[in-house]
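Chemist: Quick one: this structure, given as structure tokens, is what I'll be asking you about.
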Amino acid sequence: MASIAHLVVSGLLAATAVNGQNYGGSGRSDDAFSYVQPRNTTILGQYGHSPAVLPSPNATGAGGWEEALAKAQQFVAQLTLEEKADMVTGQPGPCVGNIVAIPRLGFKGLCLQDGPLAIRVADYASVFSAGVTAASTWDKDILYERGVAMGEEFKGKGAHVALGPVAGPLGRSGYGGRNWEGFAADPYLTGVAMERTIQGYQDAGVQACAKHFIGNEQETQRNPNYNPNGTLTDVIQEAISSNIDDRTIHELYLWPFANAARAKVASVMCSYQRLNGSYACQNSKVLNGLLKEELGFQGYVQSDWGGTHSGVSSIEGGLDMNMPGGLGQYGQTPEAGSFFGKNVTFAVNNGTVDISRVDDMIVRIMTPYYWLGQDQGYPEIDPSSADLNTFSPRSTWLREFNLTGERSRDVRGDHGELIRRHGAEATILLKNENKALPLKAPKSIAVFGNDAGDTTEGAVNKATFEFGTLAAGGGSGTGRFTYLVTPLEALKARGKQDNTLVQWWLNNTLIADSDVTSLWVPTPPDACLVFLKTWAEEGSDREYLSVDWNGNEVVDSVASKCNNTIVVTHSSGINELPFANHPNVTAIVAAHYPGQESGNSIVDILYGDVNPSGKLPYTIAKNGSDYNAPPTTAVETTGADDWQAWFDEKLEIDYRYFDAHNISVLYEFGFGLSYTTFSLSDIKTEPLAESISSVPEQLPIQPGGNPALWESVYNVSVTVTNTGDVKGATVPQLYVTFPDSAPAGTPPKQLRGFDKVSLAPGESQTVGFELMRRDLSYWDVVSQEWLIPEGEFTIRVGFSSRDLSQETKITPVTA
């Protein structure tokens with residue numbers, strides 16, 4: 001297996017392989033995801049494959065946290081050993097995660113709340129657009145603005161820590177059940193989104209938590225299986241092991257977490273699965289080596305809920321906070337004990353764990369608390385959270401929580417208008433034949449599909465549902481809607497304004513099985529709008545890439561009788577679109593999960609009040625079988641460690657894979673149409689230093705790693721012109737092709753810059769891109785360093801990964 005050599009050289013893995021996984025084999029199904037692990041797959045056990053990096057580095061306050069660090073150290077100096085154990089161990093309480101108060105020191109505790117698109121356990125809070133939706137804007141300002149607004153709501157409800165944003169999963173597989181919580185199947189775009197979102201959260205005063213670190217790319221077997229007749233630590237089958245080589249982990253999966261560290265993220269959540277054999281929450285190579293040493297991370301590492309599988313090993317491995325604190329599946333049985341808790345005091349007293357390590361754990365927890373001023377006038381926890389918290393209801397509380405804050409306070413402000421605008425800006429126009437869109441006060445429209453109307457399952461999406469529009473996915477990353485504007489509601493309101501006849505049919509089975517001409521009266525409508533949806537949730541991966549609820553058949557039925565069929569998808573991510581070339585399907589719009597203003601956002605696009613400018617954050621293939629790297633869905637052996645996911649595709653995910661193998665696609669990464677047209681011209685480059693070395697200067701590590709990697713080394717500029725007749729926005733995208741001297745396996749091109757610009761008809765604007773050293777570097781597994789290869793780079797700028805009209809060459813490093 002090719003990847004094993006890189007793992008061995010890097011020190012990420014110390015083992016020899018017999019055989020890895022070949023995703024091209026007969027174990028893969030084309031119509032539903034299925035990858036059955038071959039019997040001769042190399043099995044990595046929990047120990048001996050990922051080298052120890054000990055001790056866990058102490059926080060230094062680097063990056064401007066020195067004053068807060070001093071306050072944290074002073075706080076820790078006043079704690080008893082029992083209080084120190086409390087500070088690193090979660091307790092059931094009013095929030096999803098809770099650190100108890102220490103009244104004698106004036107510390108009111110910490111409240112940690114889900115999630116990446118809303119405060120899940122709260123009333124009178126907004127449901128924002130999902131991560132994949134926000135990424136589809138390709139708008140750095142919107143990403144920041146969304147972060148600020150969400151941070152304001154978390155703080156308003158008394159939550160100290162917002163459990164988001166998400167860079168893991170990155171999107172290795174289109175089947176990933178939680179891809180919608182993250183941003184894009186590209187490390188650069190995800191990195192920018194992470195950085196801007198974190199800055200927004202923390203500028204609003206709430207701690208951000210970057211998750212899930214690292215290699216958490218599938219839901220199937222993400223957790224171990226426990227013996228139902230055994231103890232709460234009696235595991236009969238371990239979680240899957242993500243086996244990733246050194247270069248791949250640096251250039252793909254670690255990349256956006258470097259942006260998070262640079263943004264001074266307060267905390268990082270380690271993931272459920274194993275990494276190269278060892279559980280991610282006790283893997284010292286990953287937590288101590290990559291995160292705390294290489295990236296200079298100054299905050300604290302918290303476990304995913306129930307992701308702690310040891311005490312001393314996890315503490316030494318770099319875990320600082322055990323959430324939610326108990327044993328068993330998802331850590332929900334604190335009454336039975338904890339890997340931390342009293343075991344921390346025992347380990348310190350018997351000399352197994354040095355007290356200095358425990359002190360650093362708490363210093364890391366408290367430093368961002370002081371840095372963000374959460375010790376000064378921070379809002380009290382909203383008591384309604386306790387009433388809504390089904391994860392740890394009051395009956396499970398072991399400690400007392402003094403909830404004196406105002407109940408059910410409304411923190412939404414004017415965020416509804418912001419969510420509406422963000423949803424529209426994220427909407428992607430994939431097809432628009434014969435100027436089907438925008439609609440211009442049509443005389444009649446027909447609305448089809450079970451995604452158009454009101455939900456029938458209530459305000460929280462706990463599981464998939466047949467009837468009702470889909471505006472958020474499921475699991476801990478969902479939200480509780482205080483209201484939801486549906487597409488049908490918004491279309492009827494617009495129809496009333498325009499005196500349009502609006503008819504609707506929401507039963508997909510009826511539509512698919514009927515002659516739709518018998519449904520509408522009296523004549524065919526001017527436009528037929530078909531709303532389709534695709535559910536995804538935490539805890540399970542998608543079974544298909546097609547739309548749900550016979551959506552393809554619904555489109556076929558409508559398009560067979562209506563020559564102006566417009567399809568809108570509300571999806572978690574990638575969909576097969578077999579109807580894309582149907583002559584009667586005149587327009588296709590991808591809206592993803594837009595949040596509570598879903599209907600208003602899509603009507604703004606359909607009627608041209610907002611010109612679509614969203615771009616795909618992934619590739620839509622012609623066929624589902626064209627994708628590589630499906631999740632491992634089954635094993636044929638029964639060993640405790642047998643579940644493995646070998647990332648043999650290495651750097652070839654999404655567009656990198658399609659480019660490397662010259663596979664034609666339906667809609668490429670970065671693609672998206674507009675109601676106007678744009679052109680590019682006059683590409684220019686300018687070096688920012690007289691001499692650029694291959695090896696970066698070795699500077700003292702700061703949050704984000706070696707500061708030299710973040711230094712700009714080249715400027716690239718290009719002129720963008722709106723050549724159409726309406727105002728619109730577009731996203732020039734810069735891709736880099738490395739010289740031939742770069743190591744084998746380097747992708748044909750990689751995104752390294754983008755900017756969204758809005759232009760009036762005929763207006764031109766010069767857009768500049770700053771290329772940092774890291775943008776032109778690869779990770780060298782021998783020297784363990786980022787290197788700029790010698791030779792000529794190709795710089796291309798265009799409007800998608802396969803529409804790159806502007807090209808130039810640069811040679812940063814010569815022999």
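From the backbone N, Cα and C atoms, a Cβ is placed for every residue, glycine too.
A quick note: this is a predicted structure, and the numbers were derived from the prediction, not measured.
Annotations per Swiss-Prot:
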- Asp304: active site (ACT_SITE)
- Asn58: N-linked glycosylation site (CARBOHYD)
- Asn229: N-linked glycosylation site (CARBOHYD)
- Asn276: N-linked glycosylation site (CARBOHYD)
- Asn343: N-linked glycosylation site (CARBOHYD)
- Asn350: N-linked glycosylation site (CARBOHYD)
- Asn402: N-linked glycosylation site (CARBOHYD)
- Asn507: N-linked glycosylation site (CARBOHYD)
- Asn563: N-linked glycosylation site (CARBOHYD)
- Asn584: N-linked glycosylation site (CARBOHYD)
- Asn623: N-linked glycosylation site (CARBOHYD)
- Asn662: N-linked glycosylation site (CARBOHYD)
- Asn715: N-linked glycosylation site (CARBOHYD)
- 1-20: signal peptide (SIGNAL)
Chemist: Say you check the Cα of Asn715 (N-linked glycosylation site) against those of the glycosylation sites Asn58, Asn229, Asn350, Asn563; which is nearest?
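Modeler: It is Asn58, whose Cα lies nearest.
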Chemist: Please report the three-state DSSP label of Asn343 (N-linked glycosylation site).
Modeler: helix
Chemist: Select the closest residue to Asn507 (N-linked glycosylation site) from the following recorded positions, measuring between CA atoms: Asn58, Asn229, Asp304, Asn563.
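Modeler: Nearest by Cα distance to Asn507 (N-linked glycosylation site): Asn563.
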Chemist: Asn343 (N-linked glycosylation site) has how many other Cβ neighbours within 10 Å of its own Cβ?
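Modeler: I get 20 for this one.
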Chemist: Which of these glycosylation sites has the least crowded Cβ, counting other Cβ atoms within 10 Å: Asn276, Asn350, Asn623?
Modeler: Asn350
Chemist: Reported as an integer number of Å, what is the Cα distance between Asp304 (active site) and Asn58 (N-linked glycosylation site)?
Modeler: 22
Chemist: Within 10 Å of the Cβ of the residue listed as 'active site', how many other Cβ atoms can be counted across all chains shown?
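Modeler: The answer is 25 other Cβ atoms.
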Chemist: Can you give me the Cα-Cα distance between Asn343 (N-linked glycosylation site) and Asn229 (N-linked glycosylation site) in Å, rounded to a whole number?
Modeler: 24
Chemist: Compute the C-alpha separation of Asn402 (N-linked glycosylation site) from Asn350 (N-linked glycosylation site), stating it in Å without decimals.
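Modeler: On Cα coordinates alone, these residues lie 34 Å apart.
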Chemist: Helix, strand or coil for Asn584 (N-linked glycosylation site)? Use DSSP.
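Modeler: For Asn584 (N-linked glycosylation site) - judged by DSSP and reduced to three states - the answer is coil.
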Chemist: Can you tell me which of the glycosylation sites Asn58, Asn229, Asn276, Asn623, Asn662 is spatially closest to Asn350 (N-linked glycosylation site)? Compare CA atoms only.
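Modeler: Nearest by Cα distance to Asn350 (N-linked glycosylation site): Asn58.
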Chemist: Provide the three-state secondary structure of Asn58 (N-linked glycosylation site) computed with DSSP.
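Modeler: It is coil.
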Chemist: Filter the glycosylation sites Asn58, Asn276, Asn623, Asn662 down to those whose C-alpha lies within 10 angstroms of the C-alpha of Asn563 (N-linked glycosylation site); answer none if the list is empty.
Modeler: none
Chemist: If you count the other Cβ atoms within 10 Å of each Cβ, which of the glycosylation sites Asn58, Asn584 comes out on top?
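Modeler: Answer by Cβ density within 10 Å: Asn584.
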Chemist: Of the glycosylation sites listed here (Asn58, Asn229, Asn623, Asn662), which is spatially closest to Asn584 (N-linked glycosylation site) when Cα positions are compared?
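Modeler: So, spelling it out, the nearest of the glycosylation sites is Asn623.
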Chemist: Of the glycosylation sites Asn229, Asn276, Asn623, Asn662, which one has its Cα closest to the Cα of Asn58 (N-linked glycosylation site)?
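Modeler: Nearest by Cα distance to Asn58 (N-linked glycosylation site): Asn276.
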Chemist: Could you state the whole-number distance in Å separating the C-alpha atoms of Asn623 (N-linked glycosylation site) and Asn276 (N-linked glycosylation site)?
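Modeler: Cα-Cα distance, Asn623 (N-linked glycosylation site) to Asn276 (N-linked glycosylation site): 31 Å.
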